[in-house]
Amino acid sequence: MFKKLVLLGLSLTVIFMLAACGGNNGNNGSASNPPDSGSSGSASPDSGSSNEKVTLKIIHWINEPVNKYYEEFNKKFTEKYPNIKVDYVTVPSDATYDQLQQTRINANDADLVALKSGFAPIPQEWAKGAEAPVWKQWIDAGLIMDLSGQDFVKNYNATDVENSTTYNGKVYGINMGKVSFTGLFYNKKIFADNGLQVPKTWDEFTKVVDTLKSKGIAPLGFAGKDIWPFNLAVQGLSATVHKDQAAFIKGLWDGSTKFTDPAQIEILSKAQYLLQNAIDGTMGVDYASLPSLFISGKVAMIADGTWNAPTIKSGDPSLEFGYFPIPGSNDAAQNASLAGKYDMSWMVLEKAKNKDAALKWLAMQSEPDHYAEFVKASGFLPNADVQIEDPFVNELKPYLQSFKLAWDQLFINRPNAGEHVSGSSVHAEFLAPAGPIKTPDELAALSQKEWDAAAPK
Amino acid sequence: MYPFGRGIARHLPLALLMIPLLLYVVFAFGPSMATVFFSFTDATGIPGVRWHFVGFDNYRKLLFSSDQAERLRSIRNSLEFAFLVVVIQNAIGLFMAVLLNRKLKGDAFYRATFFLPVVLGVTVSGLVWRMMLNPMSGPMGELFKMFGTRSNFLSSYDAAFYWIIFVQIWMYMGYSMTIFIAGLQSIPRDLYDSGHIDGASGWKAFRYITFPMIAPAVTVNTLLSIIGALQTFDIIYVLTNGGFNTRTLALDVYRDAIANNTTADYGLASAGAMVLFLFVFVFTVVFMYLLRRREVDL
C-alpha cells in the first residue's frame with residue numbers, strides 16, 4: 001500500500017513538473033494558424049488567421065528613441081488589427097539582450113526577434129576554422145523563416161537586402177537601415193567660437209586639437225569604460241588609413257599581411273594620440289553618459305555612432321552639432337567617406353506561434369510612411385527611397401556617396417585568439433595612457449603573436 | 001513511541017519528503033549532472049544543431065588553447081579574489097562584531113547600517129559604486145584629487161580588480177559580522193569572570209576565551225565566504241563586465257555560455273563550471289576539516 005502511494009505521489013509530481021516545463025512546443029499552442037510560410041507570398045491584412053485573439057511577441061533592446069517609435073507604431077498596428085496584442089519586450093543592449101535572444105529562440109518563445117546587425121561577417125572560404133556566426137547557425141538549424149517570397153521585401157533597395165540579410169540566396173530578415181560609426185560628433189558652437197573648420201586631413205585634425213587645448217577646451221571624449229565605443233574611433237582610423245580593409249584582413253589569414261605592418265602601426269599610433277588628447281577621466285565614462293558629456297560642452301568632439309544623434313538631439317534640442325569622418329590619413333579623398341554597418345534586422349522565427357501576425361507587423365513596418373518615421377526616429381540611413389527631412393542626415397549625405405563596411409563587419413577572427421586580438425581584433429585601449437602597453441609596436445607585436453598562436457593547426 | 005500513528009499516517013512524512021527530494025533532483029542535482037555530461041560535448045544550445053562527444057577537448061581548450069594566458073589569469077584572479085575576500089571580510093566582520101557586541105549607545109542602528117548593503121543586493125550596490133568611483137564626477141575621484149592624485153578606478157588595468165574586491169567586502173561584511181555577533185552572544189558571561197580571576201583580560205581574554213568559543217562562527221563564515229567568493233560573477237559583471245583584467249573563472253563560464261558574440265559554447269562553459277566546482281569542493285573540504293578540528297565544546 002505504502003509503495004503504491006509513494007509511486008502515485010511521485011508520478012503526479014513528475015507529471016505536474018513536466019507539464020509546467022513543457023510549455024507549448026507544438027504549433028497548436030497558440031490561437032493563431034500561421035500561414036504556409038516561405039513561399040506564401042504577401043501577408044495581406046485579411047490573409048491567414050481569423051479574428052482569434054493572439055499575442056505577437058517581439059524582443060528588442062533598449063534604445064530610447066527607437067523604443068518610443070515602436071510603442072507608437074504598435075498602437076497603430078493594434079488599431080489596424082484589434083485581434084493582435086503586441087508584447088514588445090526591451091532589455092539593455094549588452095549581454096542581457098544576447099541572453100534574452102538566446103533563451104527565447106531556444107524556447108521558441110518569440111515571434112519577431114531583433115538582430116543587432118545585418119548578416120556580418122559573411123563566412124569566407126579563406127577563413128578556414130573560423131567559428132560560424134550565430135545567425136548562420138540559426139539559419140542552418142532551420143530556426144529562421146525565409147522571407148524571400150514576401151511582397152514587403154520589395155519595398156527596400158535590392159542591393160541593401162542583398163548585402164544585409166541575404167544568405168545562400170534567400171532573404172532571412174528585414175534590415176532597418178545603415179549606421180555609420182567611424183566619425184566624430186562635433187560641437188558647432190565651440191568650433192565656430194574658435195574659428196575652426198571641419199578637418200579633412202590628419203594634420204588639420206591635430207591642428208584643431210592643438211587649438212582647442214590652447215583655449216583650455218578638452219578636445220575629445222570617449223566612453224572608455226565600455227571599451228567598444230573608443231574602438232569606434234579606431235575603426236575610423238582604420239577605414240581611412242587602409243586603402244582596402246577586406247584585402248588586408250584576407251592577408252592576415254594567408255600571412256601576406258601582419259598586425260605589425262606599417263599601416264597597423266600608424267593606426268595604433270594615431271589611436272594613442274586620441275587617448276592622449278582626451279578629457280581627463282575619459283576611461284571612466286560609460287556609454288550611457290557620453291551624450292551628456294558632449295551636450296554639457298565639456299568636450300568639443302566625441303566618438304560615437306550616428307545612431308546616437310536622436311539621443312543628443314533630445315538631450316538638448318538647441319545644441320548645434322555635426323558629424324565628420326575621422327581623417328586618419330593626409331589624403332583628403334581617402335578621408336571623405338564614412339564607414340559603418342547594417343544595423344538592426346528583424347527576423348521571424350520559423351516555428352513562431354504567430355507567424356501570420358509577425359508578417360503583418362513587418363509588412364506594415366515596411367510601408368513607406370512607417371519606414372520613413374522609423375528612419376527619422378532611429379537616425380539610421382535608409383535602405384529604401386524615402387524622403388527624410390532631417391538636417392543631420394542631410395549633412396551626412398556627402399560622406400555617404402560610397403557607403404563602405406567598417407573593420408568589425410569585415411574581420412573574421414580565429415577561435416581562441418588572445419585578448420589583444422580577440423573580437424574585432426584591434427584593441428588600442430591597451431595602449432598608455434589608458435592601458436598598460438607603452439608603445440604601438442609592442443601592442444602590434446603582441447597581437448601578431450596571439451594571432452599566429454591561434455592559427456588552425 | 002513512534003509519534004506518527006499507524007498505516008498511511010505512519011508513512012506520510014516520508015512520502016511528503018519525496019516531493020522536495022524530487023524537486024531537488026529535477027532542479028538542482030539533475031542539472032548539475034547534466035553539466036558534467038555537457039562538459040564532454042560540443043553542445044551550443046541551439047535547437048536542431050547536432051552535438052557530439054568530444055572527450056576532454058573542452059578541458060584542453062580551457063587550459064591549453066591559444067588564449068590560455070587569459071584563461072589562467074581568470075583562474076588566478078578567482079583564487080586571489082577568494083583569498084582576499086575571505087581574509088579581509090572576516091577580519092573586519094569580526095572586529096566590528098566585537099565592537100558592536102559591547103553595550104554601545106545606538107548599537108542596533110550601527111548593526112542595521114552595516115548589514116544594509118546585504119539587503120541592497122548586487123545591482124543596487126554595483127550602481128552605487130559605479131557612481132562613487134566615476135573618475136570624472138564621483139566623490140572618490142574628488143577625494144583622490146584632494147590628495148593630489150587620480151585614478152581611473154574601475155577602468156584601471158592595475159586597480160579595477162582590487163576595487164571590485166573592496167565592493168564585494170563592503171557588500172558582505174555585514175553578513176559575516178552578524179554571524180560573529182550571534183557567536184559572541186552565545187558565550188557565557190561566567191567564562192570571562194573566571195578568566196578575569198585567572199588574569200585574562202583585554203587581548204588575552206579575546207585570544208583564549210572569545211576566539212576559541214566563536215570557532216563555529218569562524219567555520220561558517222569562512223566556508224560561506226570561500227564558496228561565495230569563488231562563485232562571484234554578478235558584481236564583476238555589473239562593475240566592469242570582465243574588462244580591465246577583472247575576469248574570473250565564474251565570469252568566463254557566463255561569457256562562454258551566453259555573452260559570446262559568435263556562438264554559445266555550452267560544452268566549454270560546462271567544463272569551466274566543473275573546474276570551478278572542483279576548486280569550491282577542494283577548498284571547502286580542506287577548510288572544513290581544518291576549522292572543525294579547532295572547534296571546542298563547552
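Yeah, the Cβs are placed from backbone N, Cα and C, and that goes for glycine too.
Here TrEMBL flags B:12-30 (among others) as transmembrane segment.
Annotation comment: TrEMBL describes B:75-287 as domain 'ABC transmembrane type-1'.
Positions annotated as transmembrane segment by TrEMBL: B:81-100 (among others). Sequence-remote contacts of a segment are chain residues at least 6 beyond its ends whose Cβ falls under 8 Å from one of its Cβ atoms, and for the transmembrane segment (B:81-100) they are 107, 110-111, 114, 161, 164-165, 168-169, 172-181, 183-184, 206, 210, 214, 218, 221-222, 225-226, 228-230, 232, 248, 283.
Outside the transmembrane segment (B:112-132) by six or more residues, the chain places 96, 100, 138-140, 154, 163, 167, 170-175, 177-178, 234-235, 238-239 with a CB less than 8 A from a CB of the stretch. Here TrEMBL flags B:112-132 (among others) as transmembrane segment.
Positions annotated as transmembrane segment by TrEMBL: B:160-184 (among others). Long-range neighbours of the transmembrane segment (B:160-184) within the same chain, counting only residues 6 or more positions beyond its ends whose Cβ lies under 8 Å from a Cβ of the stretch, are 77, 80-81, 84-85, 88-90, 92-94, 96-98, 100-101, 111, 114-118, 120, 122, 125-126, 129, 133, 152-154, 210, 213-214, 216-218, 220-221, 224-225, 228-229, 232, 235-236, 239-240, 243-246.
Counting only same-chain residues 6+ beyond the ends of the transmembrane segment (B:205-230), those with a CB under 8 A from a CB of the stretch are 78, 81-82, 85-86, 89-90, 93-94, 98, 168, 172, 175-176, 179-180, 182-184, 186-187, 191-192, 195-196, 249-250, 276, 279-280, 283-284, 287-288, 291-292, 294-296. Taken from TrEMBL, the feature transmembrane segment applies to B:205-230 (among others).
Annotation source TrEMBL lists transmembrane segment at B:268-291 (among others). Counting only same-chain residues 6+ beyond the ends of the transmembrane segment (B:268-291), those with a CB under 8 A from a CB of the stretch are 35-39, 41, 43, 58-59, 61-62, 75, 78-79, 82, 215, 218-219, 222-223, 226-227, 230-231, 249-250, 252-254, 256-257.
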